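Read the structure below first, then the notes.
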Amino acid sequence: MEDIMTSLLVATSRVVVTISLAYVPVKSAFAAPQNAAGLCSAIAASSIPASRISLPTTGAKIQSATLIGGSDPANQNGEYCKVIGQIKPVDPKAPDIIWQVNLPSVWNGKMLQYGGGGYNGSIPPTTDKTTLGLDVVPTPLTQGYVTFGSDSGHQAPNADDASFAKNDEAMLNYGYMHIKKVLDVAKVLVTERYEKPVTRVYFQGGSTGGREGLTAASRWPESYDGILTNYPTANFVGLRLWGAGLARAVYDDKSAGWIPPKLVERISKEALKSCDGLDGVEDGLVGNMQQCRAQSAVLVQSLACKSDVTGNPDDCLTQAQIERTLKIYHEGYSLPYQLANGINTYPGYNSLEGIMMQLGSEPQMRTPPVSGPNAHHSSRSFEFLQNFVQRDQPLNLLSFDIREPGKLKDRIVELSDVIGATRTDWSTFSDRGGKIIWLQGNDDPSVSPLGNAKLFESIVAKMGADKVKGFMRFFLVPGLAHGGGRFSPTWDNLAALDNWVEHDVPPSNPVVVDATKSSTKGRSRPLCEYPSWPKYKGDGDVAIASSFSCADD
């Protein structure tokens, strides 16, 4: 497998050299002054040669270009040309990259790329608001941004399907290549449509889309000016290994580690009851997470079975559940080898601090595992190990040892660089004025908040706190899960990023509004720069951000 991947990467570098030497500016097929409808129609009849895409392809084709009228009752984004097309692969067996570019008739000179989710497989909603953006703020497209995104180079019925990764080109596209290929295509369309230069390029997304944003800025720092990244799967391979380790902890030895849903819910409620007031107010949110984690051992002891119980009781925790499942869920794991950028740990989750562990409704693991009935991470970890790592050989998830993966170790380490955003030196991006706003939820059950906090700390250790503060802001948000949660922070994040890039005005404890569909909808809190957290001042309306200050004690 490594030889195949290396061959493709070598071929990639050769094609890039050939493209750069052979590049000849292509005369526009649709640049003549026309009205918006005429320009959009001209795009439909065009194509983009491989020479205008900086990574290996066989060119891009336009599938359709449709002018969406500003008076269309189904359109709230103003008049724009909706362009859909394909980037054709080098390998004829690889899937196309399906993309969408939205060209507003009134353009502000800026572009916004949208990231995907899970294993992708479909185009993200490029006409919608940003991830965690305010509903009352006009969409980026309405504001005049060219918005665009892609399926990352394969088509799938859902974001859990990773079968595409058995093809090297499709796997590399998913890992990082689709990001730049689609940007290049979008820039060609922008140049030809408007005949004036792009002033700014931004990227926004959450989860996989958050990882893609960090990847974009770290791999092509000269191409991006600002990134909005939310709960990114930055250590993608580390997360997938954690899911495999969790599966063994839960389902090995006749599922001795499986915790029934009733007990999972009780753990969450007891933790919240114990920790809710540590930030000065009982509001359903745990702000002082550090102190809460310090109390976790007491919580476990209070829920432990009083006698040597076996099986999976729903009223107390057995030793197997404590020593296996809770240990890896709460503390994570360490490896005797290093992934990309020297990482050999994956910290756990706030599983004893109020989040709902996702351990599935069934005590036995299905073959293959399925999210919902089985632990959430087990299914995506199986998909990763089967399709990215093992590929053609059947995989037994419960026999896979993340610490001793044998002959698969080199492949795992290699993939951690291909599909990951854990680099710690951002000097090139920061030196040219690039900015990053990064949100991570403390209640996230899918991406470890401790892991992303540790990555941020590594960036600070590498570059120095003052330099990092000049281009990156990292906010840990109480109550935010993997999107949604007990507190869903929404704000005009694109305006905050643009203001920082354009005017060098960084976001300073910005106010976010809870969009959770519950009785608490509309309450506000300050975003606090890590490691600080929102602490109630002791008086004032608990639903208003001004009643809180950012504390780190």
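Positions of Cβ are set from backbone N, Cα and C atoms, glycine also.
Listed in Swiss-Prot for this protein:
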- SER207: active site, acyl-ester intermediate (ACT_SITE)
- ASP444: active site, charge relay system (ACT_SITE)
- HIS482: active site, charge relay system (ACT_SITE)
- ASP276, ASP279, VAL281, ASP283, LEU285: Ca(2+) binding site (BINDING)
- CYS275-CYS292: disulfide bond (DISULFID)
- CYS528-CYS550: disulfide bond (DISULFID)
- 1-31: signal peptide (SIGNAL)
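Overlay of Swiss-Prot feature records on the structure.
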| residue | record | contacts (Cβ under 8 Å, 6+ apart) |
| --- | --- | --- |
| SER207 | active site, acyl-ester intermediate | GLY117, GLY118, ASN230, TYR231, PRO232, THR233, SER446, VAL447, HIS482, GLY483 |
| CYS275 | disulfide bond | VAL286, ASN288, GLN291, CYS292, GLN295, GLU353, GLY354 |
| ASP276 | Ca(2+) binding site | GLU282, ASP283, GLY284, LEU285, VAL286, GLY354 |
| ASP279 | Ca(2+) binding site | LEU285, VAL286, GLY287, ASN288, PRO478, TRP533, PRO534, LYS535, TYR536 |
| VAL281 | Ca(2+) binding site | TYR536, VAL542 |
| ASP444 | active site, charge relay system | TYR231, TYR349, ILE355, LEU480, ALA481, HIS482, GLY485 |
| CYS528 | disulfide bond | PHE475, LEU476, ASN509, PRO534, CYS550, ALA551 |
> So among the recorded positions ASP283, LEU285, CYS292, HIS482, CYS550, who's got the most Cβ atoms within 10 Å?
Replying inline: LEU285
>> For ASP279 (Ca(2+) binding site), which of the three DSSP-derived states applies: helix, strand, or coil?
In response: helix
> Under a three-state reduction of DSSP output, how is ASP444 (active site, charge relay system) classified: helix, strand, or coil?
Replying inline: coil
>> Going by DSSP, is CYS292 (disulfide bond) sitting in a helix, a strand, or coil?
In response: helix
> If the Ca(2+) site is taken as the center of the Cβ atoms of ASP276, ASP279, VAL281, ASP283, LEU285, which further residues of that chain fall within 8 Å of it by their Cβ?
Replying inline: GLY277, LEU278, GLY280, GLU282, GLY284, VAL286, GLY287, PRO478, TYR536, VAL542
